[in-house]
Amino acid sequence: MLSTKDRIRLEAVRLFAERGIDAVSQRDIAAAAGVQVSTLYGHWTGGRDQLIGETFVAGYAGYAQALAAAADPHAGFAAALDAMVRAICRLHGEDRAMFAFLLLSQHRGLDRVGGGEAGNPVDVLQRRVEAAMESREIPPGEPALVTAAIVGVLVQAATFRLYGRLAQDLPAMADDLSALCARTAGLPTQARTPR
């Protein structure tokens, strides 16, 4: 059974994903969780904004851990990138509400995320991009730009799915997304992970 705090957080994420961040009030969250508004302040003295910030940081850190766990067994960049893309697709499939929340609230929450792989999935990916450039698995360049391009493939696909421009969820598109990310990174065709 979920604690009251976890139930509030779960309902808030669901509402934010369904309606958008700005369309959900503290009263909406309290009603969905079956608690009084004052209960929210008991857990988050900063109210809704603190709830959003803490939930974003925790969710983002969870994604960082999932990406690191997916990539760690793989020495080569092609296999690590494929594993990370598939992890993102799996996370989308497992909890679309959290994925949508992170997507919709990123501009409110990214300033709260510290640097380093422990809390930032972009840092996990960028470290692998940097290592791949150093080992010449991919062409030299600006690692942050290549990382941004790979993230862009995934984030824009998720955004298109969220707004109905793509019919399939990310897990169903994992092969295509992995291939797009490999091309974006500059992996030679023969180095790409076959499926």
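Quick reminder: no glycine exception, Cβ is built from N, Cα and C everywhere.
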From 5-24, 25-44, 45-64, 125-144, the residue range that TrEMBL assigns the feature DNA-binding region: 25-44
Across the domain 'HTH tetR-type' (2-62), average pLDDT on the 0 to 100 scale: 96
